[in-house]
Every structure is written in structure tokens, then in C-alpha cells.
Amino acid sequence: MNKTAIALLALLASSASLAATPWQKITQPVPGSAQSIGSFSNGCIVGADTLPIQSEHYQVMRTDQRRYFGHPDLVMFIQRLSSQVSNLGMGTVLIGDMGMPAGGRFNGGHASHQTGLDVDIFLQLPKTRWTSAQLLRPQALDLVSRDGKHVVSTLWKPEIFSLIKLAAQDKDVTRIFVNPAIKQQLCLDAGTDRDWLRKVRPWFQHRAHMHVRLRCPADSLECEDQPLPPSGDGCGAELQSWFEPPKPGTTKPEKKTPPPLPPSCQALLDEHVI
């Protein structure tokens, strides 16, 4: 097979992988009382709220992607956190992806963010508000060294520590995903007040942002919560295991076929997508 044919096949495969999912055809929230349905990586939402684009405390990035929808609890969390940050004079909170109008699967970039309870927040707090052009094409600030073993000391700021801690202390937050090197730095900086560290979980990538996840709302009866994180601050052997080389013979897990949708989410698709 010649190179042109190989390139064409690669392009077609790439295009297929980025093909729009049915959820992207739903352009407005589904009317009804707010209900997060299913799990974070296989679910949907009825009655999502739209995060107001204009705020003196935060700015929303990539608004052209229209990923600023979520459960009312998520919208209130963002407003609550950004107000705290502003009152402390720390800067402007930069909001990344939340979810789509009815939640559901993205065509790439996220496995979760499906039930309106997840949000990505940049780990930088500009003192000067970003321009429209900067918000549409945001420049992420990679806080982790090339070898992945520690944060870049010249980029790590006390304000970023405080931002993550404030988010983790929020009553509605159940998990915050950050790079292992960032978790390690939080462990070093935390001092004796360490209870909140339990919620901060090391995960792949997440070098420039934190992924905040809320607990299932009490009245979302079909929402599936994760088990609570292990007890303790998570700064011991589990964290160190992230820095160890992979064991010989370790291979990447095969990509799994997505599980069936929860019945309520399938019914929502059947009703709202032609």
C-alpha cells in the first residue's frame, strides 16, 4: 500500500473517531426538574442549567464549544468558588469544559463529564482578565516537569495551592483529579490541615487543570455515585506508585466498547434526536 493510501486511511479513521455523537445534536437543555442520571462516564442530565458567561469572578473558555452546561449544583459551586477566590484577591477563575446541554458522551477529550457534575478549571489565576481571543484559544500552563516527577518550582504559586484546597473543602465536591506531581506538591505544602487532601486524586495528564467532580444530588435518584476515596490523605504508598516505572510486560488496556446507556438516557435520546 502506498503512502498516499495509508495517509488517506489514517485521515478517515481520525475523522470517524471525531464524528459527532448523538448527544451533540441536542443543542438546548432538556426541560424538567434537574436530574443527573447514570454514572459520570455513562449518563445524561435533564434540566441542566447554563453557566452565565458573564461574571466578575470567573471567565469561561472556549464558549464556541458550548460545553458550559451542568446541574444547578455545579453552577452554584462554580459561582461559590470563584466568589471566594475573588474575595481573597487571588485572581480570576478560568472555567473549562463542563458538559453538553443534555450531558452524554463527547466525541473526544472526555470519558466523563456526562451527568452535569464535572468541571475542568485551569490552574492559573490571572490578575488581568483574558481577552476574547485568549478565551477562545486558551494557552494552558503546564505546571509539571518533563520527567513528570515534580512541579516546576518557578510556576507553582501559593494561590494555586489555595485554589485546589478551597475547591476540595467545598461540601458538594467528592473528588478532584490532578497530575500525581501536583498531588505530591500539595502533600508537601499542606502542613497539619490535611483532611481535604483525601478528595484530591492523582490521575493521568491533568498537568495544567484540575477536574472537579461533585457528589450525586440527593434528589437525583438515578445518579450513580462513586465509592468514597480511601481514608487518609493519599500521600503515601499509593501516590508514590504513580512515579514507579511500569512493570515488565505491562500493556495498555484495550479500548472497551461503551456500555449500554441507562434506560432513561436512551429514552431521552430517542425522544430528542431524530
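Keep in mind that glycine also has a Cβ here, set from the backbone N, Cα and C atoms.
Counting Cβ atoms from all protein chains shown, His113 (Zn(2+) 1 binding site) has 27 others lying within 10 Å of its own Cβ. Under the heading Zn(2+) 1 binding site, Swiss-Prot lists His110, His113, Asp120, His211, citing experimental evidence as support.
For Asp147, His150, the entry in Swiss-Prot reads Zn(2+) 2 binding site, with the evidence type experimental evidence. Neighbour count (other Cβ atoms within 10 Å of the Cβ, all protein chains): 17 for His150 (Zn(2+) 2 binding site). Under DSSP, His150 (Zn(2+) 2 binding site) is assigned to coil, being neither helix nor strand in the three-state scheme.
Residues or ranges marked as disulfide bond in Swiss-Prot: Cys44-Cys265 (among others). DSSP assigns Cys44 (disulfide bond) to a strand in the three-state reduction. Listed in sequence order, Trp23, Ile37, Gly38, Ala102, Gly103, Gly104, Gln114, Thr115, Leu261, Pro262, Ser264, Cys265, Leu268, Leu269 are the same-chain residues six or more apart from Cys44 (disulfide bond) with CB atoms under 8 A from its CB.
Annotation comment: Swiss-Prot describes Cys187-Cys235 (among others) as disulfide bond, evidence class experimental evidence. Counting only residues at least six positions away in the same chain, the Cβ atoms of Leu197, Asp233, Gly234, Cys235, Leu239 sit under 8 Å from the Cβ of Cys187 (disulfide bond). Mapped onto three states, the DSSP output places Cys187 (disulfide bond) in helix.
According to Swiss-Prot, the disulfide bond annotation covers Cys216-Cys223 (among others), on the basis of experimental evidence. The Cβ of Cys216 (disulfide bond) has 21 other Cβ atoms within 10 Å, all protein chains considered.
With DSSP states grouped into helix (H, G, I), strand (E, B) and coil, the region 'Disordered' (228-274) comes out at 15 helix, 0 strand, 32 coil. Annotated region 'Disordered' per Swiss-Prot: 228-274, in sequence order.
Here Swiss-Prot flags 1-19 as signal peptide, drawing on experimental evidence.
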Just how many other Cβ atoms lie inside 10 Å of the Cβ on Cys265 (disulfide bond)?
25
Top Cα neighbour of Cys216 (disulfide bond) in the set of binding-site residues His110, His113, Asp120, Asp147, His150:
His113
Counting other Cβ atoms within 10 Å of each residue's Cβ, which of the binding-site residues His110, His211 comes out lowest?
His110
Rounded Cα separation (Å) that holds between His150 (Zn(2+) 2 binding site) and His211 (Zn(2+) 1 binding site):
19
Distance from Cys223 (disulfide bond) back to His113 (Zn(2+) 1 binding site), taken between C-alpha atoms, in Å:
13
Just name the winner among Cys223, Cys235 (the disulfide-bonded residues) by count of other CB atoms within 10 A of its CB.
Cys223
